[in-house]
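Student: Quick one: the structure is below, and I'll ask about it shortly.
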């Protein structure tokens with residue numbers, strides 16, 4: 001409160017509520033501590049705090065709703081004489097006194113009204129609001145905008161406020177109250193009456209004297225200057241109405257089709273005159289836009305002329321904006337023009353156009369030259385060599401440009417040495433950079449002579465082609481026919497030294513290759529129109545030109561380099577897959593049908609494509625459709641490989657006819673691959689690298705290839721009948737193995753076969769579990785093994801002695817070798833690598849485990865007593881077997897001589913007692929037959 005004391009000379013202002021004066025002798029009361037304070041209501045009564053279910057203090061008069069009697073419904077009485085007034089209830093009518101108090105949910109706080117608000121708000125917005133409220137169907141309806149529309153504050157607005165900016169102030173450095181008047185330049189002449197020196201505003205100068213020098217103020221809020229460039233035909237500072245925003249979004253003047261009156265009766269403001277049923281008083285947004293969100297464009301907003309000034313007047317101070325002028329002031333001029341422009345009756349609902357339509361200027365198409373080609377043709381880049389000099393000349397003539405002088409070449413075409421020569425620098429002598437520098441002087445002179453001869457021949461060909469082209473040329477620019485003629489002449493001169501009999505650049509297109517061969521034949525005969533005769537008459541001009549260039553380049557470029565490439569490179573043993581590309585599978589074989597349908601002009605189902613497309617599983621899930629291929633892992637179109645098609649297919653060099661030796665070797669390789677692919681893979685198969693690293697397998701294969709197929713010459717030590725028997729037995733073994741391969745490859749030999757080959761005597765003694773699984777046929781097995789060992793040892797002794805006695809003779813290997821190798825490879829597919837077969841008794845050894853396996857299956861279900869009895873028999877048999885081995889060793893040592901030491905060492909122990917290291921050592925000592 002402000003109290004004004006008129007009696008005093010000074011103006012005093014007091015804020016707040018004053019304390020009551022204390023009486024004499026009264027002491028001021030001490031403040032009550034927080035823990036001793038109690039909660040009371042307005043009447044001084046204690047307030048009780050309830051439990052968890054009430055949630056706070058009492059809700060009224062002793063847990064009632066505000067009164068002793070509680071809440072009673074209000075009575076409603078209405079009669080014809082006394083009508084009940086409609087009571088408008090607000091939220092405050094349903095609240096208690098506690099809710100309206102200072103700490104309630106709706107406190108009655110002091111709110112600044114509009115009378116004390118800032119007067120420096122957006123004046124344009126205030127003016128538009130007043131005009132809209134005055135012309136609205138419901139007067140004052142725009143006040144609802146202030147109640148519904150939230151505060152539209154941008155992020156920059158909030159940041160400026162936090163930085164100290166206030167609404168109505170400008171942005172920039174602070175200034176003084178009024179800028180000092182600038183003193184006029186003394187050099188400027190002033191015509192007329194001189195102004196008073198002090199200025200006419202003396203009162204403002206007096207006010208400035210009271211202000212201190214260090215006080216500054218915020219700058220004035222002014223509208224910034226818009227530097228938008230002028231892109232229309234209006235006058236300066238004129239802003240016409242946008243037809244897309246004004247007059248309800250209709251371009252041009254508005255007219256009403258259903259009103260009988262003239263256009264002048266239409267309302268200028270456009271609020272009510274267009275549609276009487278529309279209420280256009282309320283616009284804007286209700287909620288949903290916060291202070292930090294950008295406002296969306298209001299698509300339902302309407303522009304009317306009521307928001308713009310229709311009368312020219314002076315500017316308001318500080319406004320800085322100009323009003324919009326009404327466009328209908330020119331209607332009187334347009335009315336006079338209507339009678340002059342159009343004679344007749346205008347239809348109802350239509351008006352005559354005020355401006356004629358601007359006619360578009362149509363420009364004629366450009367004139368095409370005679371040698372114009374719709375597709376740009378990139379000419380090949382050919383290196384400037386002695387062989388291709390005539391080709392460079394032909395290319396330059398067909399392009400219509402003379403060849404560039406070497407002295408006038410671009411700097412990008414010169415290297416460092418050539419630039420140094422042009423500048424006259426002395427070259428730096430360093431290490432030789434070319435192979436030609438290592439040649440002797442005689443070789444250099446010989447190369448120079450050959451080069452001069454080739455250059456002379458190329459010059460003669462060039463002169464001949466130039467003479468032929470000059471004879472039929474005219475002053476006009478060179479046409480494509482002249483260029484093609486020079487091509488023919490150059491080709492006819494260079495065909496003598498080329499050999500293109502094996503060169504087929506268009507092997508993939510037989511018809512094109514046939515035309516190419518016909519073209520070469522015509523060129524050899526010397527016919528001038530050789531190319532025109534062999535071309536297809538059904539081709540277009542562009543295709544004929546392209547094929548003409550392809551034939552010429554194929555004949556020139558690749559015939560000369562064929563000999564060089566063949567001397568440096570060899571033919572590939574495997575087919576390269578680079579000439580194939582992936583295309584949709586359904587597109588592979590339907591090209592001919594489509595082309596035939598297009599030629600017959602049967603468009604429709606025949607020319608349509610139907611593809612098998614596998615969608616992604618997520619796509620089917622998003623569109624809620626079943627997957628047509630649930631088990632497919634492919635996405636998209638199934639693809640297969642087919643040949644590429646390119647204009648430069650002929651650039652690949654074809655293979656020449658291979659010699660019979662290479663064909664035979666390739667056939668052998670193919671047969672070997674086919675045999676490898678035909679057999680099933682096994683887990684005992686080893687890779688090529690492992691086979692190379694395995695020394696045991698290496699020597700085994702060496703012994704197999706040398707000893708196995710070798711047939712010694714007939715000698716008195718070898719019986720012919722014995723050789724025939726071994727040969728027949730080996731053939732039978734091979735035939736049986738081949739038949740067994742065709743019958744079934746999944747069967748695998750039993751473990752007894754591997755035990756008989758690789759197991760040693762110590763293993764037999766220690767394997768007690770294997771003894772329990774034995775059968776009654778072990779005696780027969782032992783006798784068979786002993787017979788097999790003895791026969792094998794004797795055969796080895798005879799073979800080694802024969803190999804030492806007989807001299808090696810140049811003899812072709814028997815055809816038994818590849819069959820035996822294939823047989824051993826088939827055995828290896830079912831287990832580890834077996835030792836080499838040196839004797840014809842291998843069949844007996846292979847048949848024995850098969851019979852034992854069959855009998856073993858029959859004897860499996862015998863009682864334990866029989867197993868014990870067999871175990872005792874086996875122990876006795878082992879003792880006799882061991883004694884028999886020792887006796888055999890002694891007899892073999894006494895009977896063998898010193899010359900056959902290697903064969904004796906081989907026969908000391910059977911195959912079952914040899915370790916891999918011992919077998920390797922003995923195989924190295926075997927006398928191998930040399931070719």
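Each Cβ is built from the backbone N, Cα and C atoms, and glycine gets one as well.
What Swiss-Prot shows for this protein is this:
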- 1-12: compositional bias 'Acidic residues' (COMPBIAS)
- 1-41: region 'Disordered' (REGION)
- 2: N-acetylalanine (MOD_RES)
- 6: phosphoserine (MOD_RES)
- 8: phosphoserine (MOD_RES)
- 72-81: compositional bias 'Polar residues' (COMPBIAS)
- 72-92: region 'Disordered' (REGION)
- 152-198: domain 'G-patch' (DOMAIN)
- 169-213: region 'Disordered' (REGION)
- 202-211: compositional bias 'Acidic residues' (COMPBIAS)
- 313: SUMO2 cross-link (CROSSLNK)
- 358: phosphoserine (MOD_RES)
- 479: phosphoserine (MOD_RES)
- 567-594: region 'Disordered' (REGION)
- 582-593: compositional bias 'Basic and acidic residues' (COMPBIAS)
- 659-668: compositional bias 'Polar residues' (COMPBIAS)
- 659-931: region 'Disordered' (REGION)
- 669-695: compositional bias 'Basic and acidic residues' (COMPBIAS)
- 715: phosphoserine (MOD_RES)
- 769-780: compositional bias 'Acidic residues' (COMPBIAS)
- 781-792: compositional bias 'Basic and acidic residues' (COMPBIAS)
- 852-888: compositional bias 'Basic residues' (COMPBIAS)
- 896-905: compositional bias 'Low complexity' (COMPBIAS)
- 922-931: compositional bias 'Basic residues' (COMPBIAS)
Student: Long-range same-chain neighbours of residue 358 (phosphoserine), Cβ under 8 Å, sequence gap at least 6?
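Tutor: Those within reach of residue 358 (phosphoserine), by Cβ under 8 Å and sequence separation of 6 or more, number none.
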Student: Can you break down the compositional bias 'Polar residues' (72-81) into helix, strand and coil residue counts using DSSP?
Tutor: 0 helix, 0 strand, 10 coil
Student: Quick one: average pLDDT across the domain 'G-patch' (152-198), no decimals.
Tutor: 72
Student: Can you tell me whether DSSP puts residue 358 (phosphoserine) in helix, strand or coil?
Tutor: coil
